[in-house]
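K.L.:
I'd like to ask some things about the structure below.
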Amino acid sequence: DVVETQEHYKSRWRSIWIMYLTMFLSSVGFSIVIMSVWPYLQKIDPTADASFLGWIIASYSIGQMVASPLFGLWSNYRPRREPLVVSTAISVAANCLYAYVHLPHSHNKYYMLTARALVGFGAGNVAVVRSYIAGATSLTERTSAMANTSACQAVGFILGPVFQTCFTLIGEEGVMWKFLSLQLNMYTAPVLFGALLGVINIILIFAIFREHRVDDLGRQYKSINSDGEGSDVLDQNTEGSIDHVAVVALNILFFVILFVFAVFETIATPLTMDMYSWTRKEAVFNNGIILSAIGIESVIVFMVVKTLSKKTGERAILHAGLLIVLVGFFILLPWGKKLPNIQWQEIKNTTIPRTAPSEMLAPFWSYPELQLPSNHTAEPVGCPVTQSWCLNTPMIYLAQYISSDVLIGLGYPVCNVMSYTLYSKVLGPKPQGVYMGWLTASGSGARILGPVFVSQIYTHLGPRWAFSLICGVVVVSLLLLEIVYKRLIAFSVRYGRMQE
């Protein structure tokens with residue numbers, strides 16, 4: 001056996017910590033604008049509707065889905081520093097583009113779409129991060145390392161909305177820097193901050209990151225993409241085939257997990273603006289606080305699940321996590337009788353930000369006392385009358401919304417870390433870049449379909465249909481988990497090289 005030296009151990013874990021940072025910055029790049037995309041889109045391009053919002057959110061994941069397998073393949077044969085630096089540089093440039101999408105005189109929504117797609121393309125480095133951590137940890141270290149990785153991702157999701165909430169203090173107008181043609185406000189400052197963090201990440205990758213690889217027992221060996229670190233090597237025992245049924249099942253389960261979470265985070269701002277008559281600024285600020293609290297909850301869950309998995313195993317925890325998510329969405333269904341406040345709108349597009357009683361189902365023009373002058377400039381609030389379901393669907397109470405947030409914030413991180421851990425263990429000692437790329441791509445596909453699905457179903461049919469369908473999807477995923485439960489074991493355990 002080749003014993004790992006203390007120097008090698010420290011270098012290996014320094015590199016893993018750089019991967020944690022990269023994961024953190026990737027999630028910050030997504031979440032730092034998630035609460036403000038809708039109000040910013042309305043501000044820069046009035047032609048954009050809620051349906052287009054779904055495409056804006058999904059564009060990030062389209063870019064990530066395309067890039068993940070490519071970066072994963074790249075990392076299998078070349079030093080991982082290369083795809084990491086290139087992907088981060090793309091994200092930095094895309095964030096700078098997002099800061100300027102308000103400048104063109106037309107088609108602004110398409111510039112925003114392009115910017116978010118490129119940020120997502122840069123985030124394809126998640127596959128490189130996960131594959132490196134899977135290869136640089138022993139089987140006993142894997143669950144803890146994957147939990148830490150997901151915790152860093154969750155911290156990114158926490159701090160992203162926190163940064164956004166802090167930047168709301170700048171206001172919608174902000175400061176105009178004429179020499180850069182840049183309007184620094186609550187919408188552009190967060191992405192510029194994200195770009196700065198990306199530059200710092202690139203510097204740290206060059207300065208600290210090194211290639212390391214160990215087998216399932218923690219013994220050091222050199223991988224094909226090593227750039228010289230580690231002279232003591234072991235021959236890698238890769239005999240035996242990967243259980244592709246388990247691999248496909250985990251890809252499907254991961255798709256469902258990311259799908260339901262994408263629905264949750266996409267619908268937060270429109271739902272609260274419709275149900276609670278929040279303004280754009282209130283929706284961004286309040287949801288930022290709520291999601292930040294949920295993120296803190298998620299980090300605590302990641303820390304607890306590392307210990308709990310040693311006693312119960314990853315499969316049982318994944319099962320419990322899916323059940324919690326199911327309950328969370330079930331609670332979110334409209335159950336009461338009170339209708340949301342209605343945002344009436346005249347044929348001439350003069351918006352009337354008034355609250356209509358739930359009994360008021362007659363045409364709004366028969367109530368002249370509700371109409372405001374055509375030059376009224378107050379921001380409209382409430383559920384738009386153009387969404388016909390607003391007139392007959394009960395409102396979702398704030399207590400329901402927060403309770404659902406708490407449960408989803410508990411179930412999602414459990415499912416996320418367990419699916420990644422099980423996947424890396426099933427794959428075994430072979431290079432995992434491409435496989436991790438496909439897993440990331442399946443998650444990105446979920447982030448594409450989730451926002452599009454919820455924006456279409458929610459806009460046209462309302463929350464009752466949207467959340468009922470989500471509950472059905474989670475039930476099907478639970479059945480799939482039961483079918484493949486016994487196959488979700490580590491590669492080394494499957495071939496008798498280690499005890500489970």
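Each residue, glycine too, has its Cβ placed from N, Cα and C.
Sharing the features that TrEMBL gives for it:
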- 15-489: domain 'Major facilitator superfamily (MFS) profile' (DOMAIN)
- 17-40: transmembrane segment (TRANSMEM)
- 52-72: transmembrane segment (TRANSMEM)
- 84-101: transmembrane segment (TRANSMEM)
- 113-133: transmembrane segment (TRANSMEM)
- 154-171: transmembrane segment (TRANSMEM)
- 191-209: transmembrane segment (TRANSMEM)
- 245-264: transmembrane segment (TRANSMEM)
- 284-305: transmembrane segment (TRANSMEM)
- 317-336: transmembrane segment (TRANSMEM)
- 401-423: transmembrane segment (TRANSMEM)
- 435-459: transmembrane segment (TRANSMEM)
- 465-485: transmembrane segment (TRANSMEM)
K.L.:
Between the transmembrane segment (317-336) and the transmembrane segment (465-485), do 3 or more CB pairs sit under 8 angstroms, pairs being 6 or more residues apart?
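P.N.:
Yes, the stretches contact each other.
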K.L.:
How about long-range neighbours of the transmembrane segment (245-264): same chain, 6 or more residues beyond its ends, C-beta under 8 Å?
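P.N.:
For the transmembrane segment (245-264), the list is 57, 61, 318, 322, 325, 329, 408, 412, 415-416, 419-420, 422-423, 426-427, 435, 438-439, 442-447, 449-451, 453-454, 466, 470, 473-474, 476-477, 480-481, 483-484, 487-488.
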K.L.:
For the transmembrane segment (113-133), which recorded stretch in the set 17-40, 154-171, 317-336 gives the largest number of Cβ pairs separated by under 8 Å?
P.N.:
17-40
K.L.:
With the transmembrane segment (52-72) as the reference, find which of 17-40, 84-101, 284-305, 401-423 contributes the most Cβ pairs under 8 Å.
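P.N.:
Stretch with maximum Cβ contacts: 17-40.
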K.L.:
Pairs 6 or more apart in sequence, C-beta under 8 angstroms, 3 or more of them: is that satisfied by the transmembrane segment (154-171) and the transmembrane segment (317-336)?
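P.N.:
Answer no: the transmembrane segment (154-171) and the transmembrane segment (317-336) share fewer than 3 Cβ pairs below 8 Å.
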K.L.:
For the transmembrane segment (84-101), which partner among 17-40, 191-209, 317-336, 401-423, 435-459 gives the most CB pairs under 8 Å?
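P.N.:
Counting Cβ pairs under 8 Å, the winner is 191-209.
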K.L.:
Which bits of the chain, at least 6 residues beyond where the transmembrane segment (17-40) starts or stops, bring a Cβ under 8 A of a Cβ in it?
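P.N.:
Answer is 50, 53, 56-57, 60, 84, 88, 91, 95, 98, 112, 116, 119-120, 122-123, 125-126, 129, 132-133, 148-149, 152-157, 159-161, 163-165, 186-187, 190-191, 193-194, 197-198, 201, 204-205, 208-209, 265, 268-270, 273, 280-281, 283-284, 287-288, 291.
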